[in-house]
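Working notes, structure below.
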């Protein structure tokens, strides 16, 4: 239902938006056509002015051609040129009376009336009575001190000077504080003390008069009151201080405020006939607002104490100034057409209707054979070109008048189609489609629709306004449609298109989940939709937004909640939206303890046992039982049931309940029943299983001891009475049904029936009261005498419709409907209320209680024409409808634009695009566009504002500084004002000229995304610790990460968290590889990389001579030479000869070096694959390689030096032929070729 309702709302909104566009086009077209004058703005009838300011009397009108203006004052022509202080605004009738030079405002008082003329007629304004406000001073007087005895009554008179408008009266003292709560001023401003006390003594009772129009306050001379307390206070009977007589009367006008007052020497209570009232001044004043005719009558005020009472009667008469029932409306006719203008007003006394034409009495106007007057109606027939005029209707009685202008405009215009050409309508399959064809022409055009051929048949509905409706759209309905408008002057056609879309449906909805605390949970939501529509997914928790928590992650078709807590339990709803429809599904999440501890098990109680019957008598029995186990929950009560094996075997009825502390019950029985009993126990968990039934106990037959219950009388038709009751049990049981019409019939009519529970009396009058009785009787006699109940015969539909239906517009979405109640005799039943049916695109109904004669119609659509009817209804249904009332709601402010997006247009430009509002609510006059900069501290810059036309949907800002964040606002406007704003933020892109890529190759040559969060000035550099990445960030998200990946690889991104800074060092990058690096902002409820900077990075190896080709060749030659020398040495050794190294070893005899056998010397198996230095490493400056236990490297070859062997005896020592002298010059020797080779192998 929620989904269907939302789809209907979206459909209605789309149609209304289109209707508003068409209405605006229609209004624009009418403005281009000749049109008589229409008054659009005027000053109020009773115009009270401030004499300190210039006087402005408004009179504005429209027409084609634009009207000219003239004024009368006190019925005489007002010559504007005679008085230099009187000016008229250009292209307007508004008068400005300049009294700034000291002129007296009262010189300009009088009755003013404005006329607006053009060649088609004259419109006139109301008669405007101009009066200046007056706030006269209090007359000088000497007020003697007042001395009063305690307990007496006292009146302090105010008697303020007469002002215009009348002043507001209040009492204060010299400290400017309100008087205490004992005395309160009356409606006439006097201060009344019904029982004066000594604490009421003071010397500064001051009456103030505030004149609201000039905002001035006048004060009366202070009054001194002294209260004596030297005599005892006598109690006395109540009397009224105000009013003094026993009966008074007052007249109030409909719609005004009625205030009645009773001030007595004791408590006074006012009796009122209805609840439409409020009490003021401690219930001494009764106030009724918006008085209606129903408030007329007698009101009684009663004052009493223990000495007696006194009352006062106030007779209220409600009269009414004229008010509109149906105001005259403008009429556009074609030549030789006919039409009517009605002018219907109500009031008390009934107003008289007077017609004028172009401001003159119609009887003095030129005779027109096509026009006739019949009371409140003007009838036009066979009108001719040139018959255009403005007619005025004046409805008046002794309390006021109404004046309304309505023009008759005779036009001859060929048809025009106002619907925009080539409009595309989109609708969901199986939903209704409405294709508009709004036309204008005089005579009124006829509309025909075509799709390949002329459309006709039950599949289509052709509305009077030209709209084509397809009840149930099907893909075959897609295509091009043509509407043709024809009248006697020509034809016009227009083409529109219909697209029928597939509905959006959730295929895999979320399912119920029960998850342990601190675990993760996933809700799936997979949907299908029309391929041409873009869906959006929204998740709700308990019908509200998801919590602002990063544990909630929304993916394309799922919701994941990590580390679940107890607060996450609830209902989760997935909503799939498109521009045309939506679908939703919900699932419950239950969170349980991760490791629940053993808990007390609560179960239903055990079944009672051992049922026993005792004290068996004719009509009662004692039942006892033994309770079952409570199962950790105390038994709250026992329920006793019985079975009647004679009449209803197998059916158990509830008999009685007893508290859980009792195990016995005394049961009252009925005659002629075969009883079996059973007992159920109840605790907080629920009911137990029933006990085993007791033994059967049979009661003897007897005359009924009670009559049927639940006796009722009601009608099902307008001429019957249906009497119903609840059957009893007994042998040969019958029912004596008796009835008679209340206060009409003396004798009872009766009939005896059996085995039924209702009887229908036919031929009754409609809705009259009957006394009804039903008595039980059987073979043993009748039951006790029954009591009578009142029932009503059937209702009939009301025969009358509410009258005087009128509509008062309160604003663009709210109207008040008023009507006269239907006569009581026409209700023909019990009046249940009134129904107000209003219709625009669909009918809506508001229901009001029967005592209402007015009600509010909310949620109206602005700028729309409604039709309204009122009916009365009773229990049978609705009566006839009132005459249809049409009214038009004024313009409202539009909704927000349908979308607003910002995209990058160029390095220094941003493009803004928006859509018109879905709900225009009037004629769209344009858009208000504002923007301002936002710095890294989120401070806002100077606000710039632009006004854009209504037909514009995009705008480009040029010459913007780069890397700057902006905030944009846009709202739509009508003549009523601007609607709500949409806001967006965006950032201009980085300057591509500043992103030179060298060093670490962190070439950040990508633009920053144009949406928040925003990054800027991303840079990189090499340090000894690694790659240093730095950036600027203006976003609000606090979780930032630096992520990197080897370029052109498929592995996952490596992520390192940033701890609140704006730089980070990446360590452990492999040399010679290119990397992509990005900075990521993580949302609180989801992860998004949309707000990140991405670049490529490459760690380059150091320039190493070992990689040069020529050096590799040289080293290869040296290695070959050394290998040849070693071979020669081995040959000599095998021959037994000694070589210099051996001789020196033998000579020195190092104690740490054990003699080495010839068999132990091994040069094979040497490999530097496992322990070779890192590529690009450098050798010490001395040319030697430092050794540790795992180094396998050749060293200097010579005659002397230490030697070392590895674990397997491989030779890893250092051959050296250096002497001590040679060692002293070690720093000047070049590195050994062997060492050099080892450095680069």
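Including glycine, each Cβ sits where the backbone N, Cα and C put it.
Annotated by TrEMBL as region 'Disordered', the relevant range among 667-690, 691-714, 715-738, 739-762 is 691-714.
Across the range of the region 'Disordered' (691-714), the DSSP-based residue counts are 0 helix, 8 strand, 16 coil. Between the domain 'Ig-like' (37-125) and the domain 'Ig-like' (238-317) there are fewer than 3 Cβ pairs closer than 8 Å, counting only residues 6 or more apart in sequence, so the two stretches are not in contact. Taken through DSSP, the domain 'Fibronectin type-III' (893-992) splits into 1 helix, 54 strand, 45 coil.
DSSP states for the domain 'Ig-like' (136-224), grouped as helix (H, G, I), strand (E, B) and coil, give 3 helix, 35 strand, 51 coil. By the Cβ criterion (under 8 Å, sequence separation of 6 or more), the domain 'Ig-like' (322-409) is not in contact with the domain 'Fibronectin type-III' (893-992), since fewer than 3 such pairs are found.
The stretches the domain 'Ig-like' (238-317) and the domain 'Fibronectin type-III' (801-892) are in mutual contact, each linked to the other by at least three Cβ pairs under 8 Å (pairs 6 or more apart in sequence).
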